[in-house]
Structures are given as C-alpha cells and as structure tokens.
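Asker: Supplied in structure tokens, the structure appears directly below.
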Amino acid sequence: MQNQLSLFSEADRLGCCVTGTTSPNPPVGCVIYDATGERILGRGATQPAGGAHAEVMALRDADKRGEDVRGARAVVTLEPCNHSGRTGPCSHALLNAGIGRVDYLFADPNPLAVGGADFLRAQGVTVHGPYLDSPVASNSNKEWTPQWAVEPWLISTLRGRPHVTLKLASTIDGFVAATDKTSQWITGEQARQFVHEDRRTRDAIIVGTGTVLDDNPRLTARNSAGEPYDSQPLRVVMGCRDIPQNAAIYDSPGDVLHVKTRSATELLAALKQRGLVDVLVEGGPYIIGAFLREGAYDALQLYQAPALLLAGRRGVSIEEELSTTMSDIERLTPRSIRTYGSDVLWTLTR
C-alpha cells in the first residue's frame with residue numbers, strides 16, 4: 001500500500017501549498033504524467049474559492065509547457081468533481097482533454113459533487129480509486145501515516161462542522177502555565193516559529209476571553225522576522241466576557257470575531273455558516289475542556305518541552321467527571337512525532 005500511496009506524494013505536496021487559501025473548497029493537488037507515469041506534464045492545485053480546481057490548473061500548466069496530454073495519466077488527491085458551480089466539472093475537463101487514466105486518493109463525500117469517477121469510467125477512461133477509505137471510517141488504519149492535505153476538508157464535510165485541532169504546549173510534567181498564569185515561553189523559538197507557519201494554513205485560530213485578557217496576544221501568523229504574512233486566519237474569541245477595544249488582537253492585520261458562547265458546538269456552527277473548514281484551538285484549559293467535553297475535536301497537537309514546573313496550571317479543565325475507570329479511556333491515533341530544537345510535537349487524531 002505504501003508504494004501505491006507514494007504515487008500521490010507530489011499531488012499532496014501541491015495541496016499542502018494551498019492549505020488555508022481554498023475554503024470552502026478542498027486543497028486538492030493534481031499531477032498529470034505521461035502514459036508511462038514517469039514524466040510530469042503538468043501540475044496544479046485548487047485556487048481560492050471561485051477559481052479553477054486542481055485538475056484544470058494542471059491541464060493549463062501542461063498546455064503552457066506545450067505538452068500533449070492525450071492518453072496521459074492524471075493523479076489527484078480527491079475524486080474529480082462532477083457538477084457545475086462557480087467552475088465547470090473537473091471530470092468533463094479531464095475527458096475533454098483526452099486524459100486516458102485517472103488515479104484518485106479519496107472519494108468525494110459531497111453529494112453535490114460526487115460521481116466524477118463513474119462518469120469517467122462510463123466514457124471509457126481507466127479509473128483507479130479510491131486508494132484510501134474515508135478518514136472517519138472505523139476501519140481506516142492511519143497510525144503513523146501522514147495527514148493528507150485534504151483530510152481536514154473531508155472530515156469537515158462528513159461531520160458537518162469545521163475540522164478542529166486542539167493545540168497544547170506543556171512541560172513534561174504536564175503544566176501549560178505557572179501558578180501565576182505566565183506561560184511565555186514553555187517551548188523554544190523553533191517550535192514557536194512552526195506554530196506561526198501552522199497558523200497560516202488554518203481558516204481560524206480560536207482562543208477564549210481568558211487568554212485574551214491574561215496574555216493579550218496578537219494571534220497573527222508571522223514569519224521568522226516577526227512580520228505578519230499577507231494572508232491571516234480569522235481570529236476567533238470564544239466566551240461571554242467583554243474584550244477591551246485596545247486589546248492587541250484588534251491591533252493587527254486580519255479580522256476578529258467574538259462569539260459570546262461557552263459552547264464549542266455553538267461556536268463551530270457559527271463558523272460553519274461562514275464557510276470555515278479547518279480551525280486551530282489555542283485556548284486555555286477551559287476552552288480546551290469545552291471542546292473535549294462536547295467531543296468537538298478531530299486532532300490534537302501536543303508540544304512538549306524538556307522542562308519541569310512541578311506546580312502550575314494543567315492544560316485541560318473540565319468541571320464534571322467524564323470518566324471514572326480505564327475502560328472509559330479514549331485512545332488517539334499517533335500520526336507523527338517531530339522535533340523542533342529540543343521540543344517534541346506529537347500529532348494525534350481521533
């Protein structure tokens with residue numbers, strides 16, 4: 001299976017390059033190879049909403065290169081769509097270009113777009129896929145496999161809400177802040193810079209009013225020189241307390257949304273109405289606790305620093321007792337472990 005999946009590595013890389021820019025559409029990557037599958041004729045990735053999809057971009061790239069794609073092989077990370085919205089059906093674009101074979105990684109769960117594979121097969125195109133099951137399927141073996149660029153969109157579509165990643169940074173004895181609430185900085189510079197790179201790929205960053213009032217963060221995505229990137233995620237504050245208008249969160253590029261609720265489910269419903277697909281929760285213990293209590297999360301990032309506090313604030317605060325015995329444990333699936341300087345980042349999914 002790994003050899004088969006390696007076929008999609010370049011297409012996934014292209015999708016990764018546009019994450020955070022395509023919502024509500026998925027960040028799909030497409031590579032067109034010659035009939036032997038050895039030479040690349042064109043590359044493409046989904047453009048911002050209303051723009052061309054990955055397959056069309058790859059066909060345009062091949063045309064610019066002067067390549068003949070008749071009989072060629074298209075490798076794409078999501079089943080080609082089969083409907084007309086703001087753009088035409090990708091399945092028809094591939095057929096009209098004379099593509100001879102299509103390999104796709106995931107089936108499209110969107111009932112409005114599904115059917116591209118069947119359409120192409122009916123027209124005599126050789127189609128292989130899906131190579132992977134739905135990322136929410138119980139039989140989906142994801143342990144120590146990469147998180148594909150389209151996964152958050154797939155999960156968001158299937159679960160009817162934005163894909164949620166909870167982020168925690170702690171000492172190895174499990175504290176996220178000192179007793180006096182100070183938390184800057186538990187992790188080192190390399191880990192913090194990766195957080196900024198990660199932020200720029202998200203549709204929104206979520207914190208609670210407590211974080212805004214205690215830490216006064218900007219919540220921007222900044223480069224290594226400390227300058228904000230041109231494109232910024234929506235900064236979302238969750239909670240019922242008022243925020244002063246001179247808070248740093250308002251004095252930075254990008255938009256701010258304050259949703260006066262303590263319910264993660266209500267917040268996500270509001271963000272879904274705005275077309276958001278993938279969000280990162282950087283809140284304090286009560287905000288993280290709310291998402292965990294309501295089961296409103298899909299992935300967890302745990303940054304661990306080689307340090308001890310011995311006392312302080314834990315990363316999760318849940319008032320009611322949700323489990324009493326080990327049989328209640330929820331085990332997560334490890335997807336990757338990375339190091340940034342002396343810090344370790346665990347990425348896990350449900």
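Glycine is treated like the rest: Cβ placed from N, Cα and C.
Curation does not apply to TrEMBL; its annotations are automatic.
Pasting the relevant annotations from TrEMBL:
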ACT_SITE  GLU55  active site, proton donor
BINDING   HIS53, CYS81, CYS90  Zn(2+) binding site
BINDING   ALA169, TRP185, ARG199, THR211, ASP215, GLY284, PRO285, TYR286, ILE287, ILE288, GLY289, ALA290  NADP(+) binding site
DOMAIN    2-128  domain 'CMP/dCMP-type deaminase'
Asker: Taking each of CYS90, ALA169, ARG199, GLY289 in turn, which of these binding-site residues have a Cα lying within 10 angstroms of the Cα of the residue listed as 'active site, proton donor'?
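Answerer: Qualifying among CYS90, ALA169, ARG199, GLY289: CYS90.
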Asker: I'd like to confirm something. Which of the binding-site residues, HIS53, CYS81, CYS90, has a Cα closest to the Cα of ASP215 (NADP(+) binding site)?
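Answerer: Nearest candidate: HIS53.
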Asker: Considering Cα atoms only, can you say which of ALA169, ARG199, PRO285, ILE287 is the nearest neighbour of CYS90 (Zn(2+) binding site) among these binding-site residues?
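Answerer: The answer is ARG199.
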Asker: Using C-alpha atoms only, work out the spacing between ILE287 (NADP(+) binding site) and HIS53 (Zn(2+) binding site) and round it to an integer in Å.
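Answerer: About 36 Å separates the two Cα atoms.
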Asker: Looking at the binding-site residues ALA169, ARG199, PRO285, GLY289, whose Cα is closest in space to that of HIS53 (Zn(2+) binding site)?
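Answerer: Checking each of ALA169, ARG199, PRO285, GLY289 against HIS53 (Zn(2+) binding site), the shortest Cα distance is to ARG199.
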Asker: An 8 Å radius from the center of the HIS53, CYS81, CYS90 Cβ atoms defines the neighbourhood of the Zn(2+) site; name the other residues of that chain inside it, in order.
Answerer: VAL28, ALA54, GLU55, VAL56, PRO80, THR87, GLY88, PRO89, SER91, ALA93, ALA113, GLY116
Asker: For the recorded positions GLU55, ASP215, which Cβ has the most other Cβ atoms within 10 Å, all shown protein chains included?
Answerer: GLU55
Asker: Please report the distance from the Cα of PRO285 (NADP(+) binding site) to the Cα of CYS81 (Zn(2+) binding site), rounded to the nearest angstrom.
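Answerer: About 41 Å separate the Cα atoms of these two residues.
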Asker: Given ALA169 (NADP(+) binding site) and CYS81 (Zn(2+) binding site), what distance in Å do their CA atoms have, once rounded to a whole number?
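Answerer: Counting only the Cα atoms, the answer is 39 Å.
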Asker: Work out how many Å separate CYS81 (Zn(2+) binding site) and ARG199 (NADP(+) binding site) at their Cα atoms, rounded off.
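Answerer: Computed Cα spacing between CYS81 (Zn(2+) binding site) and ARG199 (NADP(+) binding site) is 28 Å.
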Asker: Between 0 and 100, where does the mean pLDDT of the domain 'CMP/dCMP-type deaminase' (2-128) sit?
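Answerer: Averaged over the domain 'CMP/dCMP-type deaminase' (2-128), the predicted model reaches a pLDDT of 92.
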